[in-house]
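The active site, nucleophile annotation in TrEMBL covers B:93. The substrate binding site feature in TrEMBL is assigned to B:128, B:196. Per TrEMBL, Zn(2+) binding site is recorded for B:279, B:281, B:284. Residues annotated as domain 'tRNA-guanine(15) transglycosylase-like' in TrEMBL: B:13-340.
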Ligand SMILES: [Mg+2]
Ligand SMILES: [Mg+2]
Ligand SMILES: [Zn+2]
Ligand SMILES: [Zn+2]
């Protein structure tokens, strides 16, 4: 067990955790946002991030510090915390990004970890190889071997109580991502960035991002805090948290602000195109689009950066509240409507419902059915798995209507779950709140439940009494089940 | 034409309008939120609503003022604007609510309109009969006749340049709602509250609320500003605006605050159950759940009311920005995931797609396909209607793949729209952003488009070349169309 990370609460694949960072003497609550601080261009002072936005952890780039005249000396002399004026945890990246961008860098794992340790970093990073998407399996595997050697080297370097990142690579090859996760988890390193997803995010390939995270998580163990490296748009935090990511870094708050862009949980607006401030943050309450446009560039950049940070931190709080409420999947449903690619991401998440089910609590407040995708939630998968272990016998009525003493047993049937013993009626998720206008996916999921129960109980005689299910659902009910339509109304 | 209301911009059934309120000497931009001010219990001062929240219009109850000792005299003496210390537009309700609650009131239309005029109300209200849902058609019709007589009476009363509300009643009988709308629009009254929807909202019958609004709107004309009376939860504003509502009143901000409840665009939280502040407003940036709970009751109530107002006004700004961006339906998609009943409301909205299509702009930024419901949006309905007027001839290829010179014409096919002439390729909505993981509803809508085109062009020979459409979609393609699957990949 990794002592420095403790999971306090969970919902789907998401969790609230505590990351103890011994060198900083702080405990960071996850999911956490780490604002990226570029030591050369500070838009919002780190001390203000702590005081005004509640930042507990930030991230900066040790390679930039090391290779910038003056900064290196200052960092060595004052230490990173004084240099940046930040008392919380400071993560340092290694230059891997620069390696990926420029092909070579003037450092190596031993050297940069040593430097990070010397300047007082709390979580350091070796020089891994961020293999881009879509490369050959051969190249991805070969580069992953190099990354793995670097992690093994990092284990041997004495960095005191500085924590060390163990990046998980493997390009878009999910077998390699899973293997990389398992290898990284087996080291004694501490924090697990899923690397090189930025190209996927830039191309709106959220479904593939989900598959890559799912694969990495299958390899990693539950005590591994996972950082989705380079994912800074608040639109996708809920989705990524539901997949099991714990740490995010945002350079977006500042880069977008420099460009006049305004983040929301549903996308990005440009300040030139705003007629209203679609936000309740202190900046948006005080300013108007006209007043922002009238500011000088520096003030506008700072105002936009502050708005972007407010939105981003508020989304983290919203996600944590959702995990406490057992509503994280409902939040993912909402955020999935930000963009068609986010819908792809959510639809991809449902492919991994069985994986998420493993950490999903057995009981929560209530299940809200909010879209066709709700029919594929982890709770539905779990209920169907449970049906395999139930053995009603004799003549059994599965019914949406009244129970009947003409049968040996009467079981309720509720879309999207399907049948269940009466005794479970008031248990999660069977107390789900459903729309009155149900979709085919809900009925079909219920029919699959009926089929699953009938398949494992071939000696039992089942009758399904349904309220006018669509043909596509009835087609999933095995021939052996007698089917009756209870509906007496008009179509 | 009603001169005092001008529509500036529209999206689906929603619009940005300007309501000129002559007596107040102000123009109110709609959609607008009217905070309800209870003159006996002021939680947030009206002057603060204007300065801090941007309120342009508020609503109070003239019957309470008239029947409260002291208040009546003060109102007559100082006038309503000084009494409440508010320079914007003030709407006064009449006591109809009290009539519905207590069975009788001590005023009548003539009397209360006169009183409203005397105290300086900007928009007054006659005493209509708020018939509840689910009553017999006979009762609803009979009560509607009384309401209509009151409106006709109100027309005859000299109230100077005070505007007058013409409430639209009719219970859940949509024929009566439509007739009531037409009758009200034919009076020379000014603002049109859709009345007695509160019981529907309280019971989460959002789909029926949508049907009632749709019917009322069919009767009303486009120059009628519509007030959804009693709808104050920000969760449903986008849906109601998309249906064509322009004005909302919120007592919720204060009533919920008194009760420790915290509004969000996705529902309601209780402050006792908050572990985090899931919001970016100034209150939520400054406070924590613990600090709120530690406040004395009065301070907490005020803080919660301020949060509730911030969220509510920010949602109005978000809606107006969405109308400007042509993204209102995308916003409705998001808000529909607040609650299963909101999904019902959105699914009900799609039943009225043809009605919303009438005011939907022909061109917007881009169509985002965000759920199965997107396949039923007004733009899809419009495209299908357009197909009825197109006449390709000879041998026509409708294809998701390459065009072919073996045919007289080749037309692209794009789910959920279906086929269209090449020349339309770069026009809205055919430039839609689609998820890569399409659902059956998208394919079936496209297939319906193919069927529609084939039906009106029975002499043309069509070939549909599709990328592995599901069976349920192919079943909608007429026998006369030759079907080819372009898909050569693996399943
Ligand atoms: Mg819940
Ligand atoms: Mg758009
Ligand atoms: Zn803001
Ligand atoms: Zn707030």
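We number each residue from 1, going along the chain as drawn.
Including glycine, each Cβ sits where the backbone N, Cα and C put it.
Nobody curates TrEMBL annotations by hand; they come from automatic prediction.
Worth saying up front: this structure is predicted, and the values here are computed from it rather than measured.
Annotated features, which come from TrEMBL, shown on the structure.
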residue : record                   : contacts (Cβ under 8 Å, 6+ apart)
B:93    : active site, nucleophile : B:59, B:60, B:61, B:62, B:63, B:125
B:128   : substrate binding site   : B:94, B:96, B:147, B:150, B:151, B:167, B:169, B:195
B:196   : substrate binding site   : B:100, B:130, B:131, B:132, B:133, B:169, B:171, B:229
B:279   : Zn(2+) binding site      : B:262, B:264, B:307, B:310, B:311
B:281   : Zn(2+) binding site      : B:306, B:307, B:310, B:311, B:314
B:284   : Zn(2+) binding site      : B:277, B:278, B:307
What recorded positions from B:93, B:279, B:281 have a chain A Cβ less than 8 Å from their own Cβ? B:279, B:281
Could you list, ordered by sequence, which of these recorded positions: B:93, B:128, B:196, B:279, B:284, have a Cβ under 6 Å from ligand 4? B:279, B:284
So, in DSSP terms, is residue B:93 (active site, nucleophile) helix, strand, or coil? strand
